[in-house]
Amino acid sequence: MAGDSEQALPKHSPQNGQPFLIGVSGGTASGKSSVCSKIVQLLGQNEVDHHQKQVVMLSQDSFYRILTPEQKSKALKGQFNFDHPDAFDNELILKTLKELMEGKTVQIPVYDFVTHSRKEETLVVYPADVVLFEGILAFYMQEIRDMFQMKLFVDTDADTRLSRRVLRDINERGRDLEQVLTQYITFVKPAFEEFCLPTKKYADVIIPRGADNVVAINLIVQHIQDILNGGLTKRQTNGYTNGFTSPRTRHPSDSNSSRPH
């Protein structure tokens, strides 16, 4: 398979008429959204009208809870933990994903990372054949995790993730360096180790180096195309191969545990 060639998404719908739901997890600034964007690009969906898209991408970041005045005051000082499971509106995430699986059009909140609040406008997402959902805790809640037919974990080293986060938060979110580093040490790193990293075991595919791993991403894209063509069943996706290592053996405890650790 050509490493960088774009491929057109097959016009066939999944066998059961429902979208193929893919969860993408990994630490902060690991490259989750870049991996999703690369998949969308390789499936030839970048320039497609939103009414006709067969692949859509959602971010867990859109579903941060509405903060109380006290929480918002802490957030503006960098003293609120946005990496904790309770920071997300998991009920709304679950409702949204279920509606997408039912072929419904949904409205996605738009979050303002500068003011730490939801904007008045929402993003309309139309039914699609493939739905990519990315987030640091995409696999944490079992009821959400069990909805994914494919689970990807973007595995990027801590130094790279920290440097990316510093640049992003300073350039895009108006933070200063001291605040970014304090928040990382106080909340981000401990939360990654406690809540995100343990969910890596649920991944069907682990992607070292994120979007730079062209081989792994091309394999994933081919796999998605096979599914859209009806070549593989949902059950067969559980044996899919890690980007560089051997296929995982899945144990009953993988799906029965309500918490990842």
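Cβ atoms are placed via backbone N, Cα and C, with glycine included.
Residues Gly26, Gly27, Thr28, Ala29, Ser30, Gly31, Lys32, Ser33, Ser34 are given by Swiss-Prot as ATP binders; from Asp212, Asp226, that same site also lists Asp212.
Annotated substrate binding in Swiss-Prot involves Tyr111, His116, Arg165, Arg175, Gln183 plus, out of the candidates Asp83, Asp86, the residue Asp83. Annotated by Swiss-Prot as region 'Disordered', the relevant range among 1-24, 121-144 is 1-24.
Annotated pair Ser34 (ATP binding site) and Tyr111 (substrate binding site), C-alpha to C-alpha distance, rounded: 19 Å. Counted over every protein chain shown, other Cβ atoms within 10 Å are most numerous around Lys32 among the binding-site residues Lys32, His116, Arg165, Arg175.
The substrate site in the record is lined by Asp83, Tyr111, His116, Arg165, Arg175, Gln183, and its two most distant CA atoms lie 19 Å apart. The binding-site residues recorded for this entry are Gly26, Thr28, Ser30, Lys32, and the Cα of Thr28 lies nearest to that of Arg175 (substrate binding site). Taking Cβ-Cβ distances under 8 Å and a sequence separation of 6 or more, the neighbours of Tyr111 (substrate binding site) in its chain are Asp61, Ser62, Phe63, Tyr64, Ser117, Arg118, Lys119. When secondary structure is read from DSSP and collapsed to three states, Tyr111 (substrate binding site) falls in the strand class.
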